[in-house]
Every structure is written in C-alpha cells, then in structure tokens.
C-alpha cells in the first residue's frame, strides 16, 4: 500500500478532529455533578435540607408526592435547573402557569423554606435546583420509599419557559407509546418511565384529570372502581392515585393497574396489552425491584441538564426570583 500523501494526512487529521469535537459535544454535562460537591463549601447542607423537608411532610404527608412531582416537572423543562420555581413577573412568564402545573404543582413554599435555612449557614453556595433534587429524595424516604445518592452541582436558570412546560411535560391522557416517546426525548427508557410513574403510589389527582376515564364504560377499567371514583368527582375535587395505601410509598400502584384500577389514563395505559405490561407485572410482584429501579431512574432523571444553564446558570438567593 502506498504511503498516504500530505493531503491524505490532512484529511485524516481533519476527520480525527471532527470526531473528537463530536465526542466532546456529546459528553454529558452532568459529568461535573458529584455527590460530594458541597463537602467543603457547605458540609451541613444536606442535613439542613433533610430537616426542613421532614418537618414539612410531618405537617402534611401528601407533600411528599408534591415534592417528587415538582422535581420531575422541573427536570423535564430545560433540565433540572429550578426553572419551575421562578414566579411570574411583569416581564417574564412562569412555568407555574402552564397547563400541567397551574392549580396542581405545589410545594414551592417548602423549597423556599429549605433555601432560607441553607442560606443561613452557606450564603449563595447551594443552588435551588440541588435543593429540589435533594428534597425529592428525602420526601421519598420519609414516606417509606427508597433513598439514593443525589449528585450535586447544578446551577439555577435565569429563565423559565411556559411553552416548553406545555409541550414537554407528559399529559394525563397520553397512551403508552406517547409516554415512551416523551421520556425517550429526555434520555429515559421505557423502564425508567414505568418506574417513575410508580411515584403515583402516593399523591392525589384532580377530578377533571380522570373524569373521562371513569365515565367511559371502557373495558380497561374495573366497574366498581369507576363507580367509587364517580362519587364526589367534580372539577378540582381530589382523589388518591392509589386508593389502597395513598400515603405510603409501595408497589400497590402496579397491583392496581393489573386489576384495571389505574386512576389516570396515563396510568392504566402502562398495563393495556402493550410493551410495558411485563414491567408492571414485575413491579407488582417484586417491590424491592421497583424501589431499586425507581431510585436509579430518579438519579438518571436528575442528570438531565440544560447545557445553557450549566454554562451560564447562577445560584439564586431566593428560589422564586432572580438575584
């Protein structure tokens, strides 16, 4: 074989440089996240957050579900950057007023209170995004769910996007294929989607989100369950997502799906003759596997980072407002 010419060498060098650039661009920004991020700058941050979250959940056990959901709704819009915590102003919109959040997302004041306590010991060190991620973990554990090691070092965004909140957050009427595609866009697998949906083992939903389902006379809903849920179902009235153990983090959610007692359409569709039936069956019979997978998927979801925020983000002194 003839030795490559200078032109060939230049060509191969260019190719190598291009491949290196592609690798760098696709290197996860979350590589900078670390569970020890605050060990030197704010060593008591996690204990301080945990105390604040436990106090909030002791006052209202339902808050655990709200905090997990708040972290989820944050990460699915612009990455885990605390954009959902920004209040609306005269010059900027808020994700809080988007359809999936308005009147249902809650717990903002709990994160604000935790931030106040952290600011007392370490001013302008710990991001609101990290506080929200830690709060979700502590909320899970407080009601019998799994704990996990939270990776830290996120920055807070300086913007929020109502439009992205409306388009990127899963819809309560979505079918299984739509959910799989929605999660895939965030780098999460079908198994991640089913595991994270298991957070519906706690919490409540407003009547308008499930009224069509319980009135459908469909073959995918238990008639007695539908009749029970019809009573008192008006607009914003609440019903537990898991009728059996609504305040405990367990695997009854999946057992309910097998019995056609999923409250939301986006719940029951996970066990409807589709690609996730086997995962639901596994979780319904093996609570340890569910909890382990839930923790792993929460870590994976927490890795969703917006490159813009990671480069240009800030540490907000007050979670609901820009500095």
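Heads up, the Cβ atoms here are built off N, Cα and C, so glycines get one too.
Features as listed in TrEMBL:
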- 1-31: signal peptide (SIGNAL)
- 42-122: disulfide bond (DISULFID)
- 69: site 'Transition state stabilizer' (SITE)
- 73: active site, proton acceptor (ACT_SITE)
- 74, 77, 79, 81, 83, 95: Ca(2+) 1 binding site (BINDING)
- 75-80: disulfide bond (DISULFID)
- 128-319: disulfide bond (DISULFID)
- 170: substrate binding site (BINDING)
- 200: heme b binding site (BINDING)
- 201, 242, 245, 250: Ca(2+) 2 binding site (BINDING)
- 207-233: disulfide bond (DISULFID)
Spatial neighbours of residue 242 (Ca(2+) 2 binding site), counting only the recorded positions 74, 77, 95, 128 and Cα distances within 10 Å: none
Pairwise CA distance, residue 95 (Ca(2+) 1 binding site) versus residue 73 (active site, proton acceptor), rounded so that it is a whole Å: 9
Cα separation, residue 69 (site 'Transition state stabilizer') to residue 200 (heme b binding site) (Å, whole number): 9
Cβ packing number for residue 74 (Ca(2+) 1 binding site), 10 Å threshold: 31
Subset of recorded positions (80, 201, 207, 233, 250) lying within 10 A of residue 74 (Ca(2+) 1 binding site), CA to CA, in sequence order: 80
Candidate with sparsest Cβ neighbourhood (10 Å radius) among 81, 242, the listed binding-site residues: 242
Most crowded position, judged by CB atoms within 10 A, among 42, 77, 207 as recorded positions: 77
Residue among binding-site residues 83, 201, 245 with least C-beta crowding, 10 angstrom cut-off: 245
Winner by Cβ contact number (other Cβ atoms within 10 Å) across the disulfide-bonded residues 122, 128: 128
